[in-house]
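Worksheet for the structure shown next.
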Amino acid sequence: MESAHKAKTSRDETPTLELSGVMQLPENTNCLACSDDGRYLCLGHSGGLTVWRASSLNRVAGWLRDRLEITSIQMTSMSKTMYLLGTVDDMGVARVFGHHLDSIHLLCVINIMEDINKRSICLSFELFEGGNYGAASLSCGRAVWLEIYQFPSAAWLKELEMAQNPNSSEWSPVTVMIQIRPPKIPTEKAINGPPEASQPTDFLMHCLALDIIRSSSLRWEKPPFSTDEGKTKEMNESPRHCTQHFLLPCGPGDSKAEFQPGLLVAVAVWWSGSCNLLQYFLKKPSKSSPYVEPMPDLLWPNAKEILCSAVSKCTRYIALGLSDALVCVWDRRSGAPLSLVLMPEANRALFMVQFVDCCPVTDDDFQIFTAEKVHLLILCKSGAIHTVTTGRGTKPNTKQLSERPKDSKDLPTVTASVQFLQGMSLVMQRSGKMSIQDVINNTTVCFLTPPTTHLITTPHSPIYALNSKQQSLFIRGDQDTSYSATSEERNQSQLFVFRFAESDIFKQHVVSHPESTQQQQTLSYDTLEETCSFYLQKRLALSLYCMQTVLELHQTLAYVKVASCFSCVFM
């Protein structure tokens with residue numbers, strides 16, 4: 001197959017990137033993921049999982065079990081030779097594996113089924129970069145909760161080095177750092193009494209109570225013309241789901257938590273139907289003290305219900321898509337909103353928000369409050385895509401990247417930030433069309449097309465993975481049934497590889513970022529008073545800078561005026 005550096009040109013002068021490679025996939029490959037160092041590609045499929053080398057697509061290792069269907073997979077590096085894999089199967093069981101050399105070892109099962117009547121189902125499972133932490137959203141009956149884990153990565157590294165038997169079950173146990181459930185209604189005082197501004201705890205409890213009452217009333221709202229109250233109650237008491245984000249040290253109070261530089265300090269959580277973003281500091285649980293239901297350490301209040309969220313790569317900024325077409329960007333360092341954006345009236349329902357490029361790293365503290373600028377990609381439920389550029393003290397600049405599609409086949413199903421291309425996003429549509437969009441300049445950079453004999457598998461939920469280190473896209477494709485093919489060929493899925501680094505199209509767009517988010521240096525403050533003091537200092541510095549600029553401008557104007565008078569006298 002021809003190299004991908006050859007690019008066709010379509011009628012509208014937008015180039016098309018050709019394939020770099022094709023490889024046959026295992027049966028029913030349901031998910032793909034790349035290791036964060038770019039060396040490996042892992043595949044979840046019927047009967048287990050497989051690890052390939054990302055550069056050559058050669059099989060390196062596998063873990064196989066009968067009657068097992070892996071539906072979700074992740075991979076992160078613990079060291080140069082050892083990797084952690086997280087999976088979820090079709091029965092809702094989450095597992096953690098260790099990959100070392102040519103072997104894959106099952107390290108632990110997150111939700112072991114000890115009692116079939118109390119079986120918990122994993123709704124989502126996420127590994128933190130580096131393999132030190134994980135988060136699982138679990139459900140049992142109508143109960144839903146979030147668990148944050150600390151993995152014994154140092155012990156696992158030693159055990160994997162000494163492991164001889166891939167089926168060994170003697171591994172160091174996982175620690176549950178915190179278990180978070182939907183907040184309960186606090187005391188009657190917190191609901192009825194006015195919040196005390198001088199007492200942060202009272203204010204937090206008051207906000208929680210109001211939020212719980214509001215979300216509960218929405219979920220229990222009685223439909224019109226309903227006569228069966230019991231059925232109505234059961235129908236409307238839908239279980240809540242949560243969304244979580246791992247946070248690095250940055251915001252107020254972070255230094256009170258137990259952490260080491262570069263490791264997690266907190267987790268941000270919001271529940272469906274809620275207006276509040278809750279932050280919990282991560283601490284090692286005490287074995288001696290009894291378990292106490294954790295309360296949020298920080299609360300980020302919002303006027304409207306949260307619909308979607310995203311965190312910048314450095315975790316300093318948190319973007320929230322709210323009801324009534326509002327987007328709020330919180331700055332964890334200052335503890336205040338960076339910007340509040342109202343989206344166009346025609347596209348009020350927000351579906352997804354994401355950061356386009358990485359958080360800038362700077363040693364100049366003065367720029368913290370004067371030069372920050374973030375770029376967001378906003379996907380509406382209507383299918384329209386908008387871009388937002390905003391910052392402190394600047395008017396948000398909103399552009400429409402694509403209009404609401406007239407045909408449902410053109411609805412976007414994936415909008416993924418391409419971290420190795422400055423300001424670029426990968427956009428996929430229900431029709432199977434793929435393109436790279438320049439979000440900042442509002443242009444289509446190129447199209448990506450599979451062979452004419454194949455189609456992208458399940459374009460409404462494509463199976464793909466982006467490799468930032470090797471600057472590649474891996475995506476599953478199936479035989480187009482409209483072309484003549486044998487039954488065996490129809491059942492064989494292909495892995496299509498697009499390598500951006502081989503194309504001249506992207507040379508001017510390629511950027512290099514720090515090796516890891518953990519390497520980025522951030523500032524944190526012990527108390528709210530310290531944060532406010534820091535904020536006021538920067539505001540004062542900015543005011544002095546502005547005053548100095550105005551004085552210099554007046555002096556320049558005065559000099560010009562005097563000079564012009566002299567020129568008139570001597571003319």
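Quick reminder: no glycine exception, Cβ is built from N, Cα and C everywhere.
Just so you know, TrEMBL annotations never went through curation; they're auto-generated.
Source: prediction; values computed, not measured.
Database features, via TrEMBL:
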COMPBIAS  391-400  compositional bias 'Polar residues'
REGION    391-410  region 'Disordered'
COMPBIAS  401-410  compositional bias 'Basic and acidic residues'
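Residues in the compositional bias 'Polar residues' (391-400) partition by DSSP class (helix H, G, I; strand E, B; coil) as 0 helix, 5 strand, 5 coil.
The DSSP breakdown of the compositional bias 'Basic and acidic residues' (401-410) into helical (H, G, I), extended (E, B) and coil residues amounts to 3 helix, 2 strand, 5 coil.
For the compositional bias 'Polar residues' (391-400), same-chain residues at least 6 beyond its ends with a Cβ under 8 Å from one of its own Cβ atoms are 331, 338-339, 341, 343-344, 369-374, 384-385, 442.
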